[in-house]
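Down below is the structure, laid out as structure tokens.
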Amino acid sequence: MALLATLRRLNRVVALVAGGAVLLCALFILVEIVLRQLGHSLGGSDEISGYVMAGVTTWGFGFALVDRAHVRIDVVRGRLPAPGRVLFDLLALVALSAVAVLVAFRAWPVLARSIANASRANTVLETPLWIPQAIWFGGLVWFAVMGCLLAVVGAGLFLSSQFAEAEAAIGPPHEG
Amino acid sequence: MITAVAAGLIGLLALSIPVGVVLFLLGVGVSEFYSAFPLLRGLGQMVWSAMNSATLIAIPLFVLLGEILVRGGVAARTYSALDRWVSWLPGGLVHANIATATMFSATSGSSVATAATVATVAMPQAERLGYDPRLFSGAIAAGGTLGIMIPPSINLIVYGFLTETSIPQLFLAGLVPGLLLAVGFSAVTVLLCLWRPALGGERRSYGGAERLRALVELLPIILLFTAVVGSIYAGIATPTEAAAVGVAAAFLIAGAFGGVDLAMIREALVGTIRITAMIMLVVTGAAFLNFTLAAAGLGNELRAFMTGLGLEPLSTLLVIVAIYIVLGFFIETLSLMVVTIPIMVPIIVELGYDKVWFGILMIVLVEMALITPPVGLNLYVVQGARRSGSLREVMVGCIPYVLVMLVMVAALVAVPDLALVLNGR
Amino acid sequence: EELSVVGSWSGLPLHKQYEAPYWTETLPDASGGDITVQLTTHDQMGLGLGDVFTLLGQGVYDVGMTVADYAVADAPELEGLDVPLVALTADKAKAMVDAARPMVEDIFHDRFNSEVLAIAPYPPQVVFCNADISGLDDLAGKKIRGSGRMTTKFLEALGAEGINVSFSEVPGALQRGVIDCAVTGAGSGYSAGWWEVSTHLLPIPLGGWDSVVTAMNLDKWNSLSSETQSLIKDTIKADFEDPAWASAQGALDNDIACLTGDGECASGEARSMTLVEATPEDMAKAREILESEVLPAWAERAGAEWATRWNDTVGKTVGVTVPVN
Ligand code: NA
Ligand code: NA
């Protein structure tokens, strides 16, 4: 399916950018270690690490979803015939999308509050909190959108009885 | 409430809803049915706090380190070298998994990161050399749990902080039980493979000269180990920062072996994000569930239960151990510790037990929780790294190692000195 | 009336000795059973340090308690409650908090939609060094882990290097020389074994007194009858706030004795850290740095209005003035 292929391509870019952020964060920590040995300090490497972790996590959620990497327990599902398995997959995806939408919905006030209060971290960097929180919130929205789009793709495949294709799109991680 | 949550957990997991999502759903359920307060309003703040954590950055960093070693070809060389040395033992490379996990435990404060590293390094070898996937992956999941027993350990730090126990003493106390567990894991592997030789893959023997040559191939992993541990013990880096040192060292080492190019780096980064996101969905869901459980009075329920029993010291201790085993099936480990420590430790101290000793006992139980289904982060991490077969296989593979941990629990109760000897008590 | 209460760190004496008994026994008894309490703590809930009052304002629970300094991301003016090194004794710290109280009440009304019930002290945040120091001046050039913006800025003005190490990694970092010094409460340092990884103790409140604010969601507060309101305010003062302050100086003296072996230690075995006294010159220098660098920077963050108000209240009490332009 064209939509699915597009989602995969997009999310691979997302994963690469997120991975790059992890790499940069490692570099930042290294610079901090070296400078400390020389008697200087940038300060704030742990604060930055926390922000990187939050951003990488939420944007990674969507990628892991499209890549079918989120953990599922297939004890019952694995014993069903193909249509039943796909129904389970759809149910799982609907539950996931509902949670993703709920979390994104509840995350907005956190960002809104930081913007309204012009909140700054209680650190020397005085990071305006809306910046890392906006990246974090964006990832949550992306995750919710991915969940809903995948549910549509999966439902389409199910209704047209393309069970093998459906499992390849929304089944558990690299099962059989 | 505990019963309802457990039933809900099993039911939703059986529907094959993603584990992290199930934990969120249960949190919503607890909030709606067991709490008079609008806990859902705190969901966003809770999720932000759980993710915005400098300590957790060690997870992607150690995963990335492992990815580089695997994709840079270092892992394959290391394993074939270790194969020369340990394949005479019944179980062969399974022992290498345990040994590597033990080594990484001395560099990593997190069990999940340890398991992820060893899994990415070791998993590709299992199929190639014909090992039983269950035992092979179970050994990695179980070996990875040593990450929080052998110092440094995030969980011991949390215990020390919450109970006002000396963290250096706790670290010292974890060393002997940690090494004993590693030996125990190896021993049970030998026994299993003597009983069912097919579990252990092909046993091969090598000449002395070949073994000595193989030592050269071990050099990269030893260098890496030295860089990570060395930077911690030389006072250059904190345990979290050492993960970044490890990433840099892994790049240099893989580069020296000619295995670094742009395509490889891209794959390593993408793989890192895949595993990190998978772990973090579970961790975040667990944090939210824990938030609702604490607010709905899980602490009070446990306290009422314990005082209602009115048992003598040893029986009370055994009940506590049993509670940890049961809760450990369902609750993520750090949440399990922060919820129960304020209730259990005062009881333990009142009964006359040592706080340092109980900390170590709790860590063994928490290690067990990491590899018992349905909620066991190390199981998921190992499954995520192998990307074939089912999670069930990893769970089955862990059973022998869970038994070793149970023996360790019994040993600690019978001989408290196992934990206290290095502290001179 | 059922109250959902989220307490401060469950492992620390303030919670165990004062908070927990007050909310689970004293208040329910005093109300003749009308008030029942569901008590947990923010660490048990896994709440981020900065979240306690935010969620309180949103009505996720009724009563929240935590260190005011944790909440300054949302309210920089709150930093003025907890300025390092201006209050050396518990009496002085109490006077400072009393002077600041009307300010704190306004901040909590406006920023966190909540009513301040009490302000109690954590032990002062003192300096543990794994390095040979003989006074405040020797901290220059040292790698020091402080927490909070004001403390870190003070350290930097002193010529020290503020190093970011997460709290959990401090003992290991001290032991291996990643950092030379770190700041925490004397009692926590004693019971968590920091004396094993450091040699010198500088018992001045470099990190301030870490005042713990207890506050109730404002909607909840307004829904209570005036009898219930005064019952809570009266009992929390008599049975929580006052006893906590009364024991603060004694606890500090005891903790220092336990760490240095100099005096009577009631908590257990006495240790032998070297006690470093801060000289009057040290304190004069500290005050100079506060007035010339640290407090002006705060006045910029918080706004001149708050700085002026601070000068008229807290500043008068402790004899420090923030230049306001
Ligand atoms: Na470790
Ligand atoms: Na488990």
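Positions of Cβ are set from backbone N, Cα and C atoms, glycine also.
All annotation found in TrEMBL is predicted automatically rather than curated by experts.
Here the structure is a predicted model, which means the values were calculated and not measured.
Annotation source TrEMBL lists domain 'TRAP C4-dicarboxylate transport system permease DctM subunit' at B:8-417.
Cβ atoms under 8 Å from those of the transmembrane segment (B:7-30) belong to residues 1, 39-40, 281-286, 288-289, 291-293, 296, 330, 332, 374-375, 380 of the same chain, restricted to positions at least 6 beyond its ends. The transmembrane segment annotation in TrEMBL covers B:7-30 (among others).
Within the chain carrying the transmembrane segment (B:50-70), a Cβ under 8 angstroms from the stretch's Cβ atoms is held by residues 76, 78, 104, 108-110, 112-114, 116-121, 124, 154, 221, 224, 239-240, 243-244, 246-247, 250-251, 253-254, 260, 267-269, 271-273, 275-276, 279-280, 283-284, 287-288, all 6 or more beyond its ends. For B:50-70 (among others), the entry in TrEMBL reads transmembrane segment.
Beyond the ends of the transmembrane segment (B:135-158), by six or more residues, the same chain brings 55, 91, 93-94, 97-98, 100-102, 104-106, 108-116, 118-119, 122-123, 126, 167, 170-172, 174-175, 177-179, 181-182, 185, 189, 192-193, 199-201, 232, 239, 333-334, 337-338, 359-360, 363-364, 366-368, 370-371, 376, 378-379, 381-383, 386, 393-394, 396-402, 404-405 to within a C-beta distance below 8 angstroms of the stretch. Positions annotated as transmembrane segment by TrEMBL: B:135-158 (among others).
The transmembrane segment annotation in TrEMBL covers B:170-195 (among others).
Marked as transmembrane segment by TrEMBL: B:215-236 (among others).
According to TrEMBL, the transmembrane segment annotation covers B:242-263 (among others). Same-chain residues lying 6+ beyond the ends of the transmembrane segment (B:242-263) with a Cβ under 8 Å from its Cβ atoms: 57-58, 61-62, 64-65, 68-69, 71-74, 77, 107-108, 113, 220, 223-224, 227-229, 231-232, 236.
For B:275-298 (among others), the entry in TrEMBL reads transmembrane segment.
Sequence annotations record features per position, and here TrEMBL assigns transmembrane segment to B:304-327 (among others). Long-range contacts of the transmembrane segment (B:304-327) within its own chain (CB-CB distance under 8 A, at least 6 residues past either end) are made by residues 336, 340, 343-344, 347-348, 351-353, 361-362, 365-366, 368-369, 372, 409, 413.
TrEMBL lists B:334-353 (among others) with the feature transmembrane segment. Only residues 6 or more beyond the boundaries of the transmembrane segment (B:334-353), in the same chain, are considered here, and those with a CB under 8 A from a CB of the stretch are 154-155, 158-159, 162-163, 286-287, 289-290, 293-294, 298-299, 302-303, 306, 313, 316-317, 320, 323-324, 327-328, 362, 366, 369.
What TrEMBL records for B:359-382 (among others) is transmembrane segment. Residues 9-10, 13, 19, 23, 111-112, 115-116, 119, 123, 137-138, 140-142, 144-146, 148-149, 153, 155-156, 159-160, 163, 165, 170, 173-174, 177, 181, 275, 278-279, 282-283, 286, 321, 324-325, 327-333, 336-337, 341, 344, 391, 394-395, 398, 401-402, 405-406, 408-409, 412-413, 419 of the same chain lie 6 or more positions beyond the ends of the transmembrane segment (B:359-382) yet place their CB under 8 Å from a CB of it.
Taken from TrEMBL, the feature transmembrane segment applies to B:394-415 (among others).
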Cβ under 8 Å, sequence separation of at least 6 from the ends of the transmembrane segment (B:394-415): give me the contacting residues as numbers and ranges.
132-139, 141-142, 177, 180-181, 184-185, 187-189, 192, 317, 321, 357, 360-361, 364-365, 367-368, 371-373, 376, 379, 382-383, 386
Summarise the model confidence on the domain 'TRAP C4-dicarboxylate transport system permease DctM subunit' (B:8-417) as a single mean pLDDT, whole number.
84
